[in-house]
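> Annotated NAD(+) binding site per Swiss-Prot: GLY10, SER11, GLY12, GLN13, ILE14, GLY15, ASP34, ASN96, ILE119, THR120, ASN121, in sequence order, evidence recorded as sequence analysis. Positions annotated as substrate binding site by Swiss-Prot: ARG83, ARG89, ASN121, ARG152. Here Swiss-Prot flags HIS176 as active site, proton acceptor.
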Amino acid sequence: MARDKIALIGSGQIGGTLAHMIGLKELGDVVLFDIAEGVPQGKALDIAESSPVDGFDAKFTGANSYEAIEGASVVIVTAGVPRKPGMSRDDLLSINLKVMEQVGAGIKKYAPDAFVICITNPLDAMVWALQKASGMPAKKVVGMAGVLDSARFRYFLADEFNVSVEDVTAFVLGGHGDTMVPLVKYSTVAGIPLPDLVKIGWTSQARLDEIVDRTRNGGAEIVNLLKTGSAFYAPAASAVAMAESYLRDKKRVLPVAAYLNGEYGIKDTYVGVPVVIGAKGVERIVEIELAGKDREAFDKSVGAVQGLIDACKKIAPDLLGR
């Protein structure tokens, strides 16, 4: 039985980490693509040479032409300029929008049936542009955001309570930025909602508020520490979880940037919501009930995303006709 082909557009820190994780999980053969000659080829060879030690048989290829991604089952897009200290995800808009147009054209020509996961920032606007540029069905194009943001929230909570991360569930909705919405009432430790843990004295509301704020600024915290780049281990792990759910038809419920066209009262917008990912892509959008402050925060986050999408429309009006 032939292995799936997984194409990685962009061979920087996230791309290289993705390739290694995919190999370790034996999800398929990997094509690393980059416009920088030698970089994808070098990383592909380096990772391939680790396979005898780690015990996996995936094949790795580096390429500078989109032809190499032909027939890919999954395409993960990391191409673009990364964040630097003092730079917001939104500052990247005009630069990375052009990249998405080029990448979308390449996917449309060589891998039109793939499941596409976008990681490039500003995430929600870039996945919207990528879907428009590629012309692919919206259910086959998603953005990696909520899985990462929820993982950060889960880690901070597990650290706070000194419990296993496996026993912590958490959902972060909305845009992948400072307006994201970590949902405290839908987050639990061994099934116990966080508000109940406040009542029994495990933590305080003030401490939970601090953890929520840290989650919102999780990416910036790492950018400021690294000084020369942004996070790559956790983003790569998050994208691999999404790809695995698709390739193995696991039907996991994951928070991702998904295309909404009526759900949550929102149209023609990509924003973070829980979805079921299976062999058909996004097989179901889970509409949870949002009320009060949660709904206000979600609407504010959606408004921020729509502002970025509107900016994309002004910069590249031809996207609307695709």
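Just so it is clear, glycine is given a Cβ too, placed from its N, Cα and C backbone atoms.
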> Among the binding-site residues listed here, GLY10, GLY12, which has the most company in the form of other Cβ atoms within 10 Å of its Cβ?
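Comparing the binding-site residues GLY10, GLY12, the most crowded Cβ belongs to GLY10.
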> At a 10 Å cut-off from the C-beta of ILE14 (NAD(+) binding site), count the other C-beta atoms across all protein chains.
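Taking every protein chain into account, the count is 27.
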> Return only the integer: C-alpha distance in Å from HIS176 (active site, proton acceptor) to ILE14 (NAD(+) binding site).
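Computed Cα spacing between HIS176 (active site, proton acceptor) and ILE14 (NAD(+) binding site) is 17 Å.
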> Name the residue among the recorded positions ARG152, HIS176 whose Cβ has the smallest number of other Cβ atoms within 10 Å.
ARG152
> Across the listed NAD(+)-binding residues, GLY10, SER11, GLY12, GLN13, ILE14, GLY15, ASP34, ASN96, ILE119, THR120, ASN121, what is the farthest Cα to Cα distance, given in whole Å?
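Max Cα-Cα spread across the NAD(+) binders: 17 Å.
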> CB neighbours of ASN121 (NAD(+) binding site) within 10 A?
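For ASN121 (NAD(+) binding site), the count of other Cβ atoms within 10 Å is 28.
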> Near the Cβ of ASP34 (NAD(+) binding site), how many other Cβ atoms are there if near means within 10 Å?
22
> Using Cα coordinates, what distance in whole Å links ARG152 (substrate binding site) and ILE119 (NAD(+) binding site)?
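So the Cα of ILE119 (NAD(+) binding site) lies 16 Å away from that of ARG152 (substrate binding site).
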> For ILE119 (NAD(+) binding site), just count the other CB atoms lying within 10 A of its CB, please.
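The answer is 28 other Cβ atoms.
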